Amino acid sequence: MVIQQKIFSFQSIVQYDAPSCTSKYVGEYCQHLNPCHKGPRCQNGGSCRVKENPNGTPSFTCDCPIGFSASLCEIPMDNACNSSPCLNGAACVLHSLEEYTCSCTFGFTGQYCERQDHCSSAPCKNGAECQSLDNGYQCKCALGFTGPTCADDINECDRDPCVYGSCYNTPGSYKCPEKPRMLILLSRTMMTISDAMVIGSLQFKQLRWESARSWVPFRQ
């Protein structure tokens, strides 16, 4: 931050910019050594904060983390982590002197990290949800996949879902050809419409062609 200062004299007004202090100095004119600069004065993860003194050299104070007190955070306080509730190398994280959570190491889970996490190696594939059990894991497969680890793609085309043309299987899904938009005549032989019917959303018209009859899709 640049500090704008003005110096008044009988002859003129002079304005200059006072540069911001480096981390080594503090004060209005950067005239004092920073008491927090020399190193970590505070213990046990405490943070050092400069305490300004308008009449002299500044001092410092320590902002202590939960569970420690005193001027340098050197005295531990009674808290919920003192009983070492977290297991298997987990870290106990205080939220207050009475409340905590366990940060588990890789391969463990549970409130106290007491259970082995069989899902830590991500065995389930294709977006499946993994559930760790006492003696293993279970994968809940996403739509379109199957198998113990959901690695197998379901061939939806086995159900013959397409109305028009052949089905094309894709990973986790399938594709069908688009609905035909016109009637293609494969012969120049004259055809006449003799009858019509509607099945579902499709309209069919019967064409008479050299005494042979067949139903074909027709779009008006």
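Glycine too: its Cβ is placed from the backbone N, Cα and C atoms.
TrEMBL labels come from automatic prediction, so no person has curated them.
Sequence annotations record features per position, and here TrEMBL assigns domain 'EGF-like' to 32-74 (among others). For the domain 'EGF-like' (32-74), the residues of the chain that approach it from at least six positions outside its boundaries are 21, 23-26, 81, 94-97, judged by C-beta separation under 8 angstroms.
Residues or ranges marked as disulfide bond in TrEMBL: Cys64-Cys73 (among others). Following the DSSP three-state reduction, the secondary structure of Cys64 (disulfide bond) is coil.
Restricting the average to the domain 'EGF-like' (77-114) gives a pLDDT of 95. According to TrEMBL, the feature domain 'EGF-like' maps to 77-114 (among others).
Positions annotated as disulfide bond by TrEMBL: Cys104-Cys113 (among others). A coil conformation is recorded for Cys113 (disulfide bond) in the three-state DSSP classification, outside any helix or strand.
Here TrEMBL flags 115-151 (among others) as domain 'EGF-like'.
Summarising the annotation, TrEMBL assigns disulfide bond to Cys141-Cys150 (among others). In sequence order, Cys124, Lys125, Asn126, Gly127, Ala128, Cys139, Lys140, Cys141, Ala142 constitute the residues six or more apart from Cys150 (disulfide bond) in its chain with CB-CB distances below 8 Å.
Cβ contacts within 10 Å of Cys64 (disulfide bond), excluding its own Cβ and spanning all protein chains shown: 21. All protein chains considered, the CB of Cys104 (disulfide bond) has 22 other CB atoms within 10 Å. Using a 10 Å radius centred on the Cβ of Cys113 (disulfide bond) and all shown protein chains, the other Cβ atoms total 22. A Cα-Cα distance of 27 Å separates Cys113 (disulfide bond) from Cys64 (disulfide bond). Listed in sequence order, Cys42, Gln43, Asn44, Gly45, Gly46, Cys62, Cys64, Pro65 are the same-chain residues at least 6 apart in sequence whose CB falls under 8 Å from the CB of Cys73 (disulfide bond).
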